[in-house]
Amino acid sequence: QWERLWFLILTSSFFLTLVWFYFWWEVHNDYNEINWFLYNRMGYWSDWSIPILVTTAAGFTYITVLLILALCHIAVGQQMNLHWLHKIGLMTTLITTVVTMSSIAQLWDDEWEMVFISLQATAPFLHIGALAAVTALSWLIAGQFARTEKATSQMLMFTAYLAVVVALYLVPLTISSPCIMEKKALGPKPAIIGHRGAPMLAPENTLMSFQKAVEQKIYGVQADVVLSYDGVPFLMHDKTLRRTTNVEEIFPERAYEHSSMFNWTDLEKLNAGEWFLKNDPFWTAGSLSRSDYLEAANQSVCKLADMLEVIKDNTSLILNFQDLPPAHPYYSTYINITLETILASGIRQQAVMWLPDTERQLVRQVAPGFQQTSGLKLDAERMREKGIVKLNLRYTKVTNEDVRDYAVANLSVNLYTVNEPWLYSILWCAGVQSVTSDSSHVLRKVPFPIWLMPPDEYHLIWITSDLISFIIIVGVFVFQKNPFPSPGWRLGSIRTYNPEQIMLSAAVRRSSRDVKIMKEKLIFSEINNGVETTDELSLCSENGY
């Protein structure tokens with residue numbers, strides 16, 4: 001019973017670590033967001049994503065090896081006999097996985113939506129893999145069925161296995177992916193908007209970053225605007241300057257002040273590029289050329305006017321604003337100052353996507369050509385009432401049905417932050433018009449969705465896989481019932497052993513009484529099992545027993 005309990009724990013640990021490993025592998029798209037989230041919690045920057053991934057992979061591999069060894073023991077009729085060190089390792093892995101999953105669920109429950117989105121890309125292939133694994137287990141199940149003496153136990157075992165197999169055969173009925181579609185129904189490639197420029201190629205929100213984005217010839221860029229204490233619009237995402245500048249070295253006593261409380265003359269003194277080379281948030285700093293490396297190291301805080309001069313000719317712009325502290329001298333007029341800066345740059349009004357809700361009516365009067373964009377999910381009727389033509393949302397906030405409904409209402413959707421080609425492919429198939437990305441240089445080279453499968457082809461693969469699996473499973477059960485000429489249900493030609501036989505074979509220095517007892521148990525066990533040859537009763541040891 002204890003061995004059964006440990007096997008149950010081992011199996012549960014395998015599935016839990018498998019889910020966690022799959023989750024953490026798929027959220028690779030959001031590693032930078034996760035690190036930024038942890039930075040805000042802990043107060044210092046550290047890349048936690050790769051250590052967690054390596055630890056998760058090691059734990060999953062360890063549990064998988066243990067499970068395979070346990071199944072091998074069961075296949076030859078032996079007990080699992082898990083060593084106490086492995087029991088400690090198993091429980092440690094299980095507890096760590098449960099605690100980590102619970103922490104993510106509490107701190108960032110929105111990220112679990114990524115699992116359901118990723119299944120739209122992986123479910124058809126995971127189904128085939130799971131079908132292959134369960135089909136391979138038929139050999140073990142058939143062997144166990146053969147060795148089980150009680151009809152009730154046999155029926156329970158067979159029913160449970162059959163239920164799993166039938167469920168897997170029918171799983172494709174629940175699989176829904178936008179990429180299961182006819183090729184001719186595929187919409188245009190989503191436009192790409194550089195998130196804070198090209199942050200994988202240069203420090204975010206710097207002039208170099210936006211120059212790199214323009215070189216990529218992408219559709220647009222997104223920037224975060226703040227107003228300095230003396231009324232100069234500049235680019236900064238965080239509320240403080242700590243993460244992306246050397247403010248702790250230049251103005252250590254002001255490191256935790258809001259970035260808008262600095263005069264422009266002070267902001268000009270800060271370096272906004274060294275952090276990128278030191279922290280290497282996207283693991284791309286090492287791939288920079290010598291000239292780009294030196295240029296990145298010497299970046300400074302970027303004015304909004306300088307950025308507009310770089311992108312105004314051929315690139316669209318999404319503007320996001322930080323709320324200013326009430327004590328800021330331009331607290332009530334920062335929208336007006338920013339509008340004046342944008343209009344003075346000469347950029348086409350139609351190229352600007354205006355995101356803030358503050359003073360939206362004023363913006364319509366001063367710049368009627370701006371594309372009014374909302375960062376909140378609204379229904380189509382409400383968007384028309386507010387004069388909004390575009391939504392800017394996180395990719396987890398909309399469904400494929402939402403995208404289709406907005407498209408029917410002639411409203412476009414931009415989703416952020418999309419970095420992985422597989423996610424870009426899913427959104428492409430779903431009909432999304434544009435995405436904001438940290439990896440614009442990668443996505444612009446994606447010529448076609450990673451996979452696109454017509455429904456008829458998918459149904460053919462599904463039915464064929466089920467038929468092959470069914471034939472193999474039936475063949476295994478039939479073969480196990482009559483393997484070679486030997487009578488009865490046995491696991492092929494593999495000989496099974498009971499614990500007394502194993503212990504007696506390993507006995508070297510034991511008292512004659514212990515060996516005699518084990519001999520008697522073995523003889524009666526073999527007689528009860530109907531052994532007909534004397535070879536199986538012959539045992540020896542170094543002491544001559």
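Cβ from N, Cα, C; glycine included.
Note that this is a predicted model, so its numbers are computed, not measured.
Look at TrEMBL and you will find 190-447 tagged as domain 'GP-PDE'.
Residues annotated as transmembrane segment in TrEMBL: 5-25 (among others).
Sequence-distant contacts of the transmembrane segment (48-76) (same chain, at least 6 residues past either end, Cβ-Cβ under 8 Å): 7, 10-11, 13-14, 17-18, 20-21, 24-25, 28, 31, 34-35, 38, 82, 86, 89-90, 93, 96-97, 100, 139-140, 143-144, 491, 494-497. Under the heading transmembrane segment, TrEMBL lists 48-76 (among others).
Positions annotated as transmembrane segment by TrEMBL: 88-108 (among others).
The transmembrane segment annotation in TrEMBL covers 114-143 (among others). Same-chain residues lying 6+ beyond the ends of the transmembrane segment (114-143) with a Cβ under 8 Å from its Cβ atoms: 22-23, 26-27, 29-30, 71, 74-75, 157-158, 161, 164-165, 168-169, 171-172, 175-180, 395-396, 422-423, 425-426, 450-451, 453, 458, 461-462, 465-466, 469, 472-473, 476-477, 479-480, 491-492.
According to TrEMBL, the transmembrane segment annotation covers 155-175 (among others).
Sequence-distant contacts of the transmembrane segment (460-479) (same chain, six or more residues past either end, CB-CB distance under 8 Å): 124, 127-128, 131-132, 134-135, 138-139, 142, 145, 165, 168-169, 172, 492. Feature annotation from TrEMBL assigns transmembrane segment to 460-479 (among others).
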Cβ contacts under 8 Å made by the transmembrane segment (155-175) with residues that lie 6+ beyond its boundaries: 119, 123-124, 127, 130-131, 134, 137-138, 141, 144-145, 148, 458, 462, 466, 469-470, 473
Distal contacts, the transmembrane segment (88-108) - CB-CB under 8 A, six or more residues away: 6, 9-10, 12-13, 16-17, 19-20, 23, 34, 37, 41, 52, 59, 62-63, 66, 82
Residues from the same chain, set at least six apart from the ends of the transmembrane segment (5-25), whose C-beta lies under 8 A from its own: 52-53, 56-57, 59-60, 63-64, 66-67, 70, 80, 82, 87, 90-91, 93-94, 97-98, 100-101, 104, 112, 114-115, 118
Average pLDDT across the domain 'GP-PDE' (190-447), rounded to a whole number: 95
